[in-house]
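Lifted from TrEMBL, the feature list:
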BINDING   Gly77, Thr80  Na(+) binding site
TRANSMEM  6-24  transmembrane segment
TRANSMEM  36-61  transmembrane segment
TRANSMEM  67-87  transmembrane segment
TRANSMEM  99-125  transmembrane segment
Amino acid sequence: MISLWLFAAICVAGGLGAALRFTVDAVITARVTVPFPIATTVINVTGSFVLGVLTGAAASAGLPSEWLLIGGGGLMGGYTTFSTASVETVRLVQRRRYLAAAANGTGMVVLAVGAAALGVLLGAAL
């Protein structure tokens, strides 16, 4: 069982991650006008990379598991948004933009997993 302090820290980090996601989404959406949910892609790929770095660093440097829970589960859990990516893919299908939907659905997973793998390698090298 986790301590109350750790639970609170994870919750606060999750809130900060969600606020960061909102900010990044707003900045990208205001500056990039494409008929594709690019902001969600950027958020999920960068979040997967950061989580990979944290995971790799935790494994190689022996960081306390609390840091991975707070930074990974809390901060990056609040920052990334695969549920939004799923809904955006469904909306593309509803608009009969099948190629864009396929690119979004599969591209998101491929890019995010690739970013996570690179992050783990980088984190392990730190």
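Cβ from N, Cα, C; glycine included.
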Considering the transmembrane segment (99-125), which listed stretch of 6-24, 36-61, 67-87 counts the most C-beta pairs under 8 Å: 36-61
Residues satisfying Cβ distance under 8 Å from Thr80 (Na(+) binding site), sequence separation of at least 6: Gly17, Arg21, Ile43, Asn44, Gly47, Ser48, Leu51
Cβ neighbour count (within 10 Å, all chains shown) around Gly77 (Na(+) binding site): 18
